[in-house]
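Heads up, the thing below is written out as structure tokens.
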Amino acid sequence: MISESSTNSGAVFTFGKSKFADNIPSKFWLKNDVPLKIACGDEHTALLTENGKLFMFGSNNWGQLGLGSKLTVNKPTCVKALKSEKVQLVACGRNHTLICTAQGKVYASGGNSEGQLGLGDCDERTAFCRVDFFNSHGPIKMLAAGSNTSAALTASGRLFMWGDNTEGQIGLGKESQVSSPQEVSVGRPVSWVSCGYYHSALVTADGALFTFGEWDSGKLGLGTDQLPGHRVPQLVKSIKHRVKQVACGGGHTVALTEDDIYTFGLGQFGQLGHGTFIFESRLPRPVEHFKKGRVRQVSCGENHTAVITDGGLLYTFGDGRHGKLCLGEENFTNQFKPTLCPRFLKYNVKSAACGGCHMVVLAHPRDGGCSDVTLEDDDVTEDYLQKSYVELLGDSVDSSTLQRTLSARVRRRERVGRSPDQFGAMFRTLPTMTPGYLQPPPPVSSQTIPPRLPPAELNHRKVLNGTHQHGSAGSNHQGTYLTSPPSLHQHLIILLSSKTLLITFLPASVILSVSTTFILILTQLLTL
């Protein structure tokens, strides 16, 4: 079912510990079908196609793949039990999976210790079982799943949640666990929902953001006066603009408005995108890199974040372990600011799903290579892309292709960076070169540069505390001074030593002359 030949139908890329291709960054296509939607759990992945087929792969220790067993699956495998159904929606929790068919039927499989399958009990399932509750609650337009929680959003804006509520993460107040779907109401229709590990968030049809669940580290973005009510949805008042999407990670939250991305919560791995010294943000804070309303999708893993722009570019930041940030097979470092994924310059990224320790990306080849890639002025890594375009885009792309994609301001900045004028101020600080400033050095021979000092001379050069002079002129390693004040020649040696940085910018011939003169002066002093 898997084809390694390139097609225009779109490719699925895997990064990190995906259990696919020995966890090596890879891509694949589907024969006679088009990948349409992707979802990631902690260590498993779901893929929906245009024909309504469901493919699963990854860890399966709880039966979360719905294949009738608990065996780990290392390649995308079609769920044959659902072939008669056309699957339209999918969501992956930590160890369970939810799907919805075109007929409005909801199925669940996997771990069920907190009733997250919505089947009225806490028994795990290794095959997809129908959630009968939704037979009479209208069509479903969105599914979401968290650590041990689940959510379903109807076309009319009604939100139902079930599973673990120990931290209030399904918004049902004092209930600790619910094994059947229960409605969560905020008094207005809901348009979006996301479940994190122990907190959740929803967006209403009028663009208001509500959060609930575990509140520590600021992941709810609430004021201190709102925290006592964290077990039911609370309005995030500090975001004044209409929110379009929200994504919840392990300890952080990302909200997308028309013009900005706001992040809040834990940021110890860089998942907030605010820089290296922002490890936590208790209130929503805009990510400076993304402006002008140019973001299409946000996604969160446990400790990393992915952002897709309107132009189909992918940015990642946060925990880089296992290579899940798509920045190269050998780049596992944490990223504290949004970083452009250069691998996708040739592709138009459609969606990205973040798991606990992996990420899956759905992308289509760009028409005519990368000629329509446009980097914004604020895009990072232009210098990195400029110097490595051959490796990233292939031999068929000449040096001018990427240069044309950069904005005028970026090109101007690069020209300034290459200009010798930037060293002008440095050269102006050098002393004036007079005719007698540097005299030609006398000939050097074995008579003028002794290989070592005679013992008698060494004994003569003791300091007051009895130590030998081995440091710079005028002092020894203990900081004591010579018995006599430094001579004019010793002052000259100190002066020359302090000008080392300036001398390095002189022509090689001048440096050689200065070095030789310095050696001769030092030799004469040591032989006094």
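Placed from the backbone N, Cα and C atoms, the Cβ positions cover glycine too.
Worth saying up front: this structure is predicted, and the values here are computed from it rather than measured.
For 10-51, 52-103, 104-156, 157-206, 207-259, 259-311, 312-365, the entry in TrEMBL reads repeat 'RCC1'. Marked as domain 'RCC1-like' by TrEMBL: 31-275. Residues annotated as transmembrane segment in TrEMBL: 501-522.
Contact count against the repeat 'RCC1' (10-51) (Cβ pairs under 8 Å) is highest for 312-365, out of 104-156, 207-259, 312-365.
For the repeat 'RCC1' (104-156), the model's average pLDDT works out to 97. Residue counts for the repeat 'RCC1' (52-103) under DSSP, helix first, then strand, then coil, are 3 helix, 24 strand, 25 coil.
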